[in-house]
Amino acid sequence: MELRRRDYHVERPLLNQKQLEELGRWSSVTGTHQWRTWLQCSHARARALLLQYLPVLAWLPRYPVRDWLLGDLLSGLSVAIMQLPQGLAYALLAGLPPVFGLYSSFYPVFIYFLFGTSRHISVGTFAVMSVMVGSVTESLAPDEDFLQDLNSTVNETARDAARVQLASALSVLVGLFQVGLGLVHFGFVVTYLSEPLVHGYTTAASVQVFISQLKYVFGLQLSSRSGPLSIIYTLLEVCWKLPQSVVGTMVTALVAGVVLVVVKLLNDKLQQHLPLPIPGELLTLIGATGISYGVGLKHRFGVDVVGDIPAGLIPPVAPNSQLFAKLVGNAFAIAVVGFAIAISLGKIFALRHGYRVDSNQELVALGLSNLIGGVFQCFPVSCSMSRSLVQESTGGNTQVAGAVSSLFILIIIVKLGELFQDLPKAVLAAAIIVNLKGMLMQFTDICSLWKANRMDLLIWLVTFVATILLNLDLGLAAAVAFSLLLVVFRTQLPHYSILGQVPDTDIYRDVAEYSEAREVPGVKVFRSSATVYFANAELYSDTLKQKCGIDVDRLISRKKKLLKKKELKLKRLLKEEKLQRQAGPLEPAAASKGTSVSINANTSIRDIESNNMEGSKAKQVSAGKELEDTAASGQEDAKAPDGSTLKALGLPQPDFHSLVLDLGALSFVDTVCLKSLKNIFRDFREIEVEVYMAACHTPVVTQLEAGHFFDASITKQHLFASVHDAVVFALQHPRSGPVSPVSVTQL
């Protein structure tokens, strides 16, 4: 479609940075002292702090009972029905007795109800968190440390007690990390976990969860392993011991898995017709417990069951601080991963329902949930994707639903927990594996990322492989390090381009991409797609010289060599003149052979190299025929009597007189960038090309001033508001030679 003329017309003068600041009355923004407001003490300030850190006081008094209470009650009941089997199952995943999964489904959930800002996420046990905890407990309290000497059996009571102590201390330490990061407003730390990284990590964690549950599915006794390649060794051991599988356990797991899958398919089919989803997991647990008790699966078929589940709550216990040194690395990894999962889900629901989630307060809320939960023998928790979706879809509007679910779990802990003593562990393993469907479906990200962004695919694959091979803690560290290094690598290799003017516009685009874009005669415009800093400053300078089509460094070197030769000749002439003056007047024959050459007797080395010979007084001296070339070149260049220009020296001249650096992509500058820019000015001026800068953002200009970039030779008059301003100015003020009026008019 042909563009209509005069659709967009603006008339303004050319503006360099100095003129722009005067026109816009620029002044530096004075920084506000945030700490002053923190130290203020008033009734309003105290109330604001209370509502900020205890959000329930802000929304609960305005809670619309008639509109939301019924939905929250039904949602809380639905979540509790899911929370019960998942709590029992994920405790096994963490290497702990199942009852501690119930504790972790009660205390943290109620604490989050008081301090959380998300209205829809379901806090509690989660597979990824549980397997991370399990890797810690099994590595620091392996079965081999609790073998009884008589029959080489494991003392499960002592082992479980040690693992509970480890898990509770780990939960306290995770909570301290999260609360501390939240109070100092470090909620942004999760931004270093990109979506491909989180998806690759959770997918690898789900694979680890799957492999860790195989021992319950086949009824095998496996060695406890931790560290790099532990999951590979576990899988190999499972394959090696498959002939020892317990048939009753395999059948139990298979039947439970089929029932759970069928119920989930029915829920998906009848979702629009059912007021509440069918509680398949709860029904399966109740049915399996009844069958196990009635048939005697443990005694007749050797099926391992949950065992003793004590009724009632246990008193709080102070964590063993001596364990903190062993747990600090894993605790930080679990704290970051747990928060990343919670805040990502929280922001999804907040965006969907039109409210705001405070990331720093979410850190505090999640940290307090883990901190207080650890005192009551809980293990670290986060939020569950499946339960959060159920909480939203069944009518949940606030965390009242979470409070209802926690109270339901409390009733089970106090009165009904002991009824599940005969529940087969194979059924819990089947429930865990079936619930991994959502995370295992993330393997489809590989196809979508291959089409969309292969760098993100690389992050996904490296995260997945590193987590599988190095385990969850080291895998996360390796994934974050690789992701950050990839960002640095991508900024080191940005896209460099020479820009041309789109006809009849003030728009400049890459001439390699836009066929109609034309370079302005006599002016080179260079742009980088990334900021210039220490990692790519040298590449920026080298690519600039390459794109300009001339070997700048070699040209400068040749120029200096020729100037040095001229200097030596000049010194020899001066010396000969001095000797001739001392010897008296020349003989006519000798004088007739001489040639009159115009030089400056007072010229210094610095004058020659700095091109400051113009305007100096010349004297006539006699010289030999060897200086005729120098005299001829000096006479040809009327502007430089010393003959120090490229033309006078017989060197090739660039086909442009001005260079414009488009610095619109710069977001910051460092000292290396400043030195690189100054070197560009110096080198191109050596080959008689003037350099201009354009489109700098105000913060970058401020940093240039702070770095003392501007001086007598580089001023703000070399910095322009736009590329077009710089190009027009360069055409109107060429460094050497006149510019044709046609060139300026065409712009």
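Cβ atoms are placed via backbone N, Cα and C, with glycine included.
Curation does not apply to TrEMBL; its annotations are automatic.
Per TrEMBL, the listed range annotated as transmembrane segment is 394-414 (candidates: 37-57, 394-414, 520-540, 709-729). Taking Cβ pairs closer than 8 Å, the transmembrane segment (331-351) reaches residues 117-121, 123, 126, 128-129, 132-133, 170, 173-174, 177-178, 181, 187, 189-190, 193, 195, 198, 201-202, 324, 357, 359, 362-363, 366-367, 370, 380-383, 385, 388, 392, 472-473, 476-477 in its own chain, all 6 or more past its ends. The stretch with the most CB contacts under 8 Å to the transmembrane segment (90-115), chosen from 169-193, 246-266, 363-382, 394-414, 426-451, is 363-382.
A contact between the transmembrane segment (363-382) and the transmembrane segment (246-266) is absent, since fewer than 3 of their C-beta pairs, 6 or more residues apart, lie under 8 Å. Using the rule of three or more Cβ pairs under 8 Å, pairs at least 6 apart in sequence, the transmembrane segment (426-451) is in contact with the transmembrane segment (278-296). Same-chain neighbours of the transmembrane segment (278-296): 78, 81-82, 84-86, 88, 252, 256, 259-260, 262-264, 266-267, 303, 305, 419-420, 422-424, 427, 431, counting only residues six or more beyond its ends whose CB sits under 8 Å from a CB of the stretch.
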